[in-house]
Amino acid sequence: MCVKKGINQIQLLFFEKKRRKGIIRLVKNLILIKLGGSVITDKGKPFTAKIPVIKRLAEEIKEAKNRLKNTGFIIGHGSGSFGHTIASKYKTQEGIINRDSLKGFSLTSETAVDINRIVLREFLRVGILAVSFSPMSFTYSNKAFLEPILKSFELGFVPLIYGDVVFDIEKGFTIHSAEKTLSILARKLRKDYKIEKIIECGDTDGVYDSKGKTIPEINSRNFNQVKKGITGSKSTDVTGGMIHKVKESLRLTKETKIPTILINGNKAGNLQKAILGKEVRLTEVAI
């Protein structure tokens with residue numbers, strides 16, 4: 001359970017009463033987690049979820065969450081072979097470009113919801129009280145109405161957001177990645193909570209250089225050098241791939257000083273270790 005700074009006395013008394021009864025708990029720290037589409041779906045097979053992997057990741061989050069009593073979590077996930085398959089076909093990222101664009105928008109939204117329902121179901125089955133939020137419902141262009149998400153977090157839920165289509169003032173609509181939503185939330189929440197880190201689970205041991213070796217750290221000083229060797233995903237990704245992830249992480253880190261770590265979510269135990277601060281092969285995006 002979380003309580004923001006600046007709440008009024010009536011709210012504070014309400015939270016304190018519930019805390020004493022053991023209904024809620026106060027949370028001071030935050031960890032944001034992105035489950036990549038390449039991890040939770042088979043990006044080589046359209047509309048195929050890797051349910052055993054989703055279940056395992058949910059269990060790792062739950063186990064770590066139980067150990068970190070004063071830490072809350074916000075989870076995001078990609079669409080993988082669900083949303084990206086349709087979005088790539090109709091070029092949904094580009095907005096309204098032809099007569100089929102509206103159809104592409106609707107189908108992309110449908111498939112994004114489909115994978116989110118699967119993820120939500122597995123989280124609930126392991127005992128995580130997650131609640132889903134579609135970016136389409138709280139985002140317009142670069143503006144976001146985050147109060148419902150923040151309220152759910154304050155009440156003790158684990159917000160679950162995902163990559164989706166959103167309406168856009170210039171293009172008509174476009175794709176809004178889970179990373180982008182997590183970045184917006186990080187900027188908003190850092191004033192009231194200590195955000196320890198953002199963890200991104202992909203299908204590689206962090207970011208690879210041109211020789212296929214993990215780059216331990218990427219920062220503003222070495223980015224121009226290492227970006228030449230960074231390759232994109234082998235499967236379809238309309239949100240920009242690895243370069244996009246690194247650029248977004250660098251921009252956020254410069255502004256907020258919140259580190260982002262990129263790990264291999266396909267390796268059992270990696271996510272739990274990363275949450276708990278244990279050793280794991282990764283790339284850290286730092287200042």
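Including glycine, each Cβ sits where the backbone N, Cα and C put it.
Automatic prediction, not curation, is the source of TrEMBL annotations.
When the candidates Gly80, Gly83, Gly163 are compared with the ATP site entry in TrEMBL, which names Lys34, Leu35, Gly36, Gly37, Ser38, Asp203, Gly241, Lys245, the shared residue is Gly80. Ala178 is the only one of Ala130, Ala144, Ala178 that TrEMBL places in the substrate site (with Ser79, His84). Mapped onto three states, the DSSP output places Asp203 (ATP binding site) in coil.
Using a 10 Å Cα-Cα cut-off from Lys34 (ATP binding site), none of the recorded positions among Lys43, Ser79, His84 qualify.
Checking the binding-site residues (His84, Ala178, Lys245) against Lys43 (site 'Transition state stabilizer') with a 10 Å Cα-Cα cut-off leaves His84.
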